[in-house]
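J.: Quick paste of what Swiss-Prot says about this protein:
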type	residues	note
SITE	Asn8	site 'Discriminates between blocked and unblocked aminoacyl-tRNA'
BINDING	Tyr13, Phe59, Asn61, Asn105	tRNA binding site
ACT_SITE	His18	active site, proton acceptor
SITE	Asp84	site 'Stabilizes the basic form of H active site to accept a proton'
Amino acid sequence: MLIVGLGNPGANYERTRHNIGFMVIDELVKKQNAQKISSSFDGTLFKFSNHFLLKPLTFMNLSGSAIRDVKQFYKIDEVVVIHDDLDLPFGTLRFKKGGGHGGHNGLRSTDEHISKEYIRVRMGIGKPEHKGEVASYVLSNFTKDEQAHLDEFITFTCKAIEALLTNTLEDVSSKYTIKNFPLK
């Protein structure tokens, strides 16, 4: 399985909403003691067991090419993409296979390069008050209230990803789909 976290490279974007996929990959690398195996493929690639973790180092809009290259080189069938989702309130976690990109340029690029048939782990980041503020919103840091729960949300998402390694999407979705983190 190839598990991809979407985000933008560089320190300026490290803790922004758009980089929540990168944050999950960073945590999975630690939890799984994954080994860095390559900085090729326009990304940083890690491996644990028979699974791969990828952080594309292209900007978000071009991430599909890195995913395609790793998928083809290692002949990987199953791809999971972790991404921010404006249409879900902060702390909401949902799972989906296939479907549209919903205006998300990282998903659009992925769809163009590998098809739409991959698992999406949708992490809610909320949306800005005004539609015209989307770009600045996704590239901004989380609020203090959100930051207070962000690590817990990321850890919970990691548990869901780990469950996907040995369970069906339906089982994982029924157990780990949440609304408005933190759980009470």
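From the backbone N, Cα and C atoms, a Cβ is placed for every residue, glycine too.
On a predicted model such as this, the values are computed, not experimentally measured, just so you know.
Please go over these features one by one and say how buried each is and what sits next to it.
T.: Look at Asn8 (site 'Discriminates between blocked and unblocked aminoacyl-tRNA'): DSSP puts it in coil. Contacts of Asn8 (site 'Discriminates between blocked and unblocked aminoacyl-tRNA') defined by a Cβ separation under 8 A and a same-chain sequence distance of 6+ are given as Thr16, His18, Asn19, Phe59, Met60, Leu139, in order along the sequence.
In this view, Tyr13 (tRNA binding site) is surrounded by 18 other Cβ atoms within 10 Å of its Cβ, with every protein chain counted.
A helical conformation is recorded for His18 (active site, proton acceptor) in the three-state DSSP classification.
Counted within 10 Å of its Cβ, the other Cβ atoms near Asp84 (site 'Stabilizes the basic form of H active site to accept a proton') come to 23, all protein chains included.
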J.: Check each residue in the chain of Asn105 (tRNA binding site) that is at least six apart in sequence and keep those whose C-beta is under 8 Å from its C-beta; list them in sequence order.
T.: Met60, Asn61
J.: Counting other Cβ atoms within 10 Å of each Cβ, which of the recorded positions His18, Phe59, Asn61 scores lowest?
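T.: The recorded positions His18, Phe59, Asn61 were compared, and Asn61 has the fewest Cβ atoms within 10 Å.
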J.: Tell me the Cα distance separating Tyr13 (tRNA binding site) from Asp84 (site 'Stabilizes the basic form of H active site to accept a proton'), rounded to the nearest angstrom.
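T.: Asp84 (site 'Stabilizes the basic form of H active site to accept a proton') and Tyr13 (tRNA binding site) have their Cα atoms 13 Å apart.
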J.: In the same chain, which residues outside the set Tyr13, Phe59, Asn61, Asn105 have their CB within 8 A of the centroid of the CB atoms that define the tRNA site?
T.: Asn8, His18, Thr58, Met60, Leu62, Ser63, Gly106
